[in-house]
Amino acid sequence: MAAVLLLSLPTVSATELLSGYGRNEFKVPCAWACRYAIPSMLDCPEYAGMTAEEKAQQYPSAACFANDTSYLTSMAYCINEYCDKSIKDYKLVEFWDTDMIYGQDDPGVVLRFTYNEALAQIDTKKAPKPMSPDETVLNRTISISRDTYQANMNGVKSYRAIGKNESMFSLLVFLSGVIMPVGFSLLRLLPIPTNLRTKFYAYFIDPPAWGRKHSVPVLGLGFIPTRGQMIFILYLIGVNLAAVFAGYPNYSPNALFPDRRYEVMRHMANRAGAVAFANLPLVILYAGRNSLLLWLTNWSHSTFLLLHRWVATICTLQVCFHSLMWLRIMIEAEHAEREASKLPYWYWGIIGTLSFSLLVPLSVYYFRSIMYEVFLIGHIFFAIMAIVGSWYHIWYLYTGSGGFDIWLFIAMAIWSFDRFLRIVRVSKHGIKKAYITRVDDEYIRVDIPGVNCHGYCYAYFPTLSWRMWENHPFSVVGCNPGHARDDPHTTSHSDSEDRSLSPTSISDPAAKEAGIITRTRTIATRSNGKTGISFFIRPHSGLTKLLAKKAGLEAGIPVLIEGTYGHEGKTYLQGNDGNFAPTPEYPNVLCIAGGVGVTAVLPALNSSLSLYGPMGTTKLYWGIRNRGLVDAIQGMMTGIGEVTGSKWGHIDAHITVGQRQNVRQILEEELERAVGGTTVVACGPLAMCDDVRYTVAALARHGTVVRYMEEACTW
């Protein structure tokens with residue numbers, strides 16, 4: 001239903017531009033001041049049979065204004081008297097023909113006189129006088145006093161200034177939200193000494209904004225930003241506060257808004273709604289998998305998802321503030337709220353506000369984690385309803401767009417671009433077959449022949465459930481040679497798999513003597529000898545649980561692959577910060593992994609390879625509860641053969657089975673004896689990643705040359 005409403009949005013032949021930036025509602029301010037100054041107490045034909053009290057409550061129709069001689073001649077006299085003679089006649093005529101009367105473009109509205117004809121009707125020998133308090137009907141040509149004109153002119157100036165400020169702040173919020181991430185990202189290119197850079201990151205970028213948690217959700221609500229992320233979030237909050245609460249000049253006396261409190265309330269309510277519109281494209285931009293900012297910065301997708309939630313919360317607060325302020329204004333005006341509630345713009349505004357208001361609480365981590373599929377459907381539905389409600393709200397309120405549809409068009413263009421590239425990425429690989437093998441009681445392996453990806457990619461399994469659009473991100477272990485169709489289809493095991501496992505490190509000689517790992521056989525897949533990719537997955541609920549039930553199915557299941565994503569570092573602006581490769585400043589690589597998180601750090605291990613030999617040391621510390629995954633991964637790394645040492649080729653691997661790694665001790669010992677800087681890469685349980693982050697920052701503050709990279713995907 002929501003998608004149908006989105007497709008049925010009315011189209012406009014020419015989108016209005018922003019006030020003060022391409023659009024000027026008050027091209028001839030003096031004429032507009034006259035329009036507001038001339039009384040509207042006309043004797044219209046539609047008033048026939050009404051009492052004086054009833055007439056006083058009416059507002060003349062556009063046809064009545066257009067046909068009333070007294071009104072037209074009074075307008076012409078005011079314009080001629082107060083508009084500067086330097087103003088071109090065609091501008092006055094244009095105002096007269098298009099802007100003098102509200103509803104002038106309505107069918108059947110025809111002006112009785114042109115501007116020059118109305119001037120010709122005035123007796124120039126006898127100057128008109130202002131309307132006296134005793135006169136209840138405008139039935140003659142009147143003049144406007146200088147004070148009255150100036151008060152109305154101040155109202156026009158106020159409208160123009162506040163309207164331009166509204167557009168300026170909206171542009172500031174949107175453009176800075178796009179440009180500032182690129183600018184902040186470019187700061188890393190400054191020639192700062194490595195020691196100073198390390199300490200700067202340790203104090204201002206890498207640690208959590210407060211406490212020790214970043215990847216672990218707090219109270220089931222969300223994630224604490226890092227200090228670097230918090231700096232940008234504070235900027236976003238600051239610029240949005242300024243956008244809503246600053247820039248309301250006071251022109252006094254003001255005939256349009258005699259009550260300064262009412263004027264500020266009205267303009268502030270409108271400003272909050274306008275800035276919320278400007279935030280909408282940012283909300284969608286930060287959430288996209290194919291966001292341009294991912295290509296122009298070295299920021300991770302997880303960082304932009306966190307910013308997506310913060311900007312969405314800011315946007316929702318602005319929408320609620322806009323609605324509550326206007327509700328207060330309407331309640332203070334007797335009977336206005338009851339009348340407004342019957343109008344389409346009002347109830348579409350309510351629909352939009354409720355949709356925004358439901359999006360935020362229903363998107364907290366607790367709901368996302370326990371029922372992700374329901375969250376995803378609801379998130380998309382309410383997002384569409386929020387956009388549809390916003391569109392119709394401005395459409396009915398302004399009998400058009402008022403320029404606000406620009407932001408909706410930008411938001412929908414960003415969303416469409418992201419979806420289009422998703423389709424392109426999926427189409428690149430086509431429909432493939434996935435072969436699922438159970439590694440042990442805890443993990444499964446998915447082999448997909450004929451696909452070349454790295455980093456991570458999104459996998460669609462359209463036959464697993466009726467929700468064929470669902471997809472999940474998986475780390476790619478790497479392209480590996482497939483196995484012949486007549487190879488045995490077995491699970492990974494070692495010759496000693498019947499032996500009991502005690503908590504120990506596989507790199508320990510005692511472990512090898514005990515026979516914990518003596519020979520590893522890789523998992524065979526029916527892939528016709530093609531190269532392909534593999535995922536290692538720990539099934540939970542939802543899609544991964546359904547996937548585990550297909551383990552051992554020889555025919556495989558259809559799969560669509562959307563990729564590649566991840567740290568590609570292929571653009572100048574991204575630089576090498578998105579790359580794990582050793583550098584002269586950081587020649588050493590230290591990977592700390594937990595469980596299936598080892599699949600995410602394998603690219604860091606592979607990137608340390610060099611034709612000229614390693615620049616520094618490459619070490620892996622991997623903690624795992626059971627041995628099955630170790631056998632499978634090591635089989636892919638070394639092939640079939642005897643494991644004769646603790647190294648995987650050039651990699652110094654320390655694999656701990658059945659016990660928790662002492663992360664702090666590992667980092668202190670390894671970084672203390674490291675020669676040169678070290679890149680620390682972590683992926684695994686969220687609490688482990690937080691321990692690594694906190695410890696690395698603490699050591700860096702005390703002079704250790706180290707940089708931290710996290711491969712945990714927090715959503």
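Just so you know, glycine gets a Cβ as well, placed from its N, Cα and C.
What TrEMBL records for 485-500 is compositional bias 'Basic and acidic residues'. The annotation domain 'Ferric oxidoreductase' is assigned in TrEMBL to 272-389. Residues or ranges marked as domain 'Ferric reductase NAD binding' in TrEMBL: 586-655. Taken from TrEMBL, the feature region 'Disordered' applies to 485-507. The transmembrane segment annotation in TrEMBL covers 168-190, 230-248, 268-287, 307-325, 345-367, 374-394.
DSSP labels the residues of the domain 'Ferric oxidoreductase' (272-389) in these numbers: 101 helix, 0 strand, 17 coil. Tertiary proximity for the transmembrane segment (230-248) is limited to same-chain residues at least six positions away from its ends with a CB under 8 Å from its CB atoms, namely 162, 165, 168-170, 172-173, 176-177, 180-181, 184, 204, 209, 263-264, 267-268, 271-272, 275, 279, 307, 310-311, 314, 318, 321. Averaged across the domain 'Ferric oxidoreductase' (272-389), the predicted model reaches a pLDDT of 91.
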